[in-house]
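Here's the structure we're looking at; comments come further down.
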Amino acid sequence: MKIAVLSRNPNLYSTRRLVEAGRERGHEVRVIDTLRAYMNIASHKPSIHYKGEVLEGFDAIIPRIGASITFYGAAVLRQFEMMGVFPLNESVAITRSRDKLRSLQLLARKGVGLPVTGFAHSPDDIPDLINMVGGAPLVIKLLEGTQGIGVVMCETSQAAESVLEAFMGLKANIMVQEYIKEAGGADIRCLVVGDKVIAAMKRQAKPGEFRSNLHRGGSASLIKITPEERMTAVRAARVMGLNVAGVDILRSNHGPVVMEVNSSPGLEGIESTTGKNVAGLIIEYIEKNARPNQTRTKGKG
Ligand code: ADP
């Protein structure tokens, strides 16, 4: 097969591994710099151009689109979809997953376990919003944040009120969430491929920190997940319409709750922690499922 990896940097671990795994399995794999792909929208025959060349003949595309270039990256991917190329994750699903609030609403609709979460616009509604999620301590999140930046814990309602007022004053989009204390600063990253969790790791926040992101100094270890957690992760990915996803789960007193579904999960932490060939399993998924013109939305969404 001829596979394209849409990525800004061929030297990133995940990009490198996907290229390597694809070539190991006998495929032609090429990295396309997302921001250097440009497209002819007006023509009847949709095309993608790249550094002066017309890109043709790809069977599948693996999008690795960073949060900061979601808009442009989704447009490039959509163009590939219009050309009938099989996307590992569809552009619509990626765009969906990039909006934390929209994602939680979709998951809630399908009954997936979530932390109690509130969203409001007016500062007048702050006191009630805080009550709604069960009062302090609580977590405030910027909808556009990644890697734990923009996630704040407030120990008292007073602190929460001031932080909410400040964020609202800055016109930031924020949501308020119950603090899952019993998770003990740990979360579980489940790597879903198709309808299976193929690898899982526990991430533990460093002492004095509640955010377990590896970028925030968290440490990863192997974990055995329960059938309920497995089912929750697979359902969350399915609801989002993602074939491959990193589903972040907290162990709460009321069962597993999903915090986030990531459409471009990093492979380094999960491969080194579990020793699994995640990149190889992703390529295998493509081999089994890639068909031309099979995109659910064909770039329509
Ligand atoms: P990001 O997308 O920036 O990583 P998350 O929503 O995943 O933001 O939050 C970052 C980390 O903060 C999580 O990995 C988790 O450890 C912790 N965290 C987030 N929300 C909660 C919560 N409601 N209760 C307890 N811990 C939380």
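Heads up, the Cβ atoms here are built off N, Cα and C, so glycines get one too.
Averaged across the domain 'ATP-grasp' (104-287), the predicted model reaches a pLDDT of 95. Annotation comment: TrEMBL describes 104-287 as domain 'ATP-grasp'.
Following the DSSP three-state reduction, the secondary structure of Lys141 (ATP binding site) is strand. The annotation ATP binding site is assigned in TrEMBL to Lys141, Glu178, Tyr179, Asp187, Arg211, Ser212, Asn213.
The Mg(2+) 1 binding site annotation in TrEMBL covers Asp248, Glu260. Secondary structure from DSSP puts Asp248 (Mg(2+) 1 binding site) in a beta strand. The C-beta environment of Asp248 (Mg(2+) 1 binding site), restricted to residues of the same chain at least 6 apart in sequence and closer than 8 Å, consists of Asp187, Ile188, Arg189, Cys190, Val258, Met259, Glu260, Val261, Asn262.
Residues or ranges marked as Mn(2+) 1 binding site in TrEMBL: Asp248, Glu260.
The annotation Mn(2+) 2 binding site is assigned in TrEMBL to Glu260, Asn262. The 10 Å shell around the Cβ of Asn262 (Mn(2+) 2 binding site) contains 22 further Cβ atoms across the protein chains shown.
Secondary structure from DSSP puts Asn262 (Mn(2+) 2 binding site) in a beta strand. Residues annotated as Mg(2+) 2 binding site in TrEMBL: Glu260, Asn262.
Counting every protein chain shown, the number of other Cβ atoms lying within 10 Å of the Cβ of Ser212 (ATP binding site) is 26.
Site extent for ATP: the farthest pair of Cα atoms among Lys141, Glu178, Tyr179, Asp187, Arg211, Ser212, Asn213 sits 18 Å apart. For Tyr179 (ATP binding site), the same-chain residues that are 6 or more apart in sequence and have a Cβ closer than 8 Å to its Cβ are Pro137, Leu138, Val139, Met153, Phe210. Just so you know, the Cβ of Asn213 (ATP binding site) picks up 18 other Cβ atoms within 10 Å once every protein chain is counted.
The secondary structure of Asn213 (ATP binding site), as reduced to three states from DSSP, is coil rather than helix or strand.
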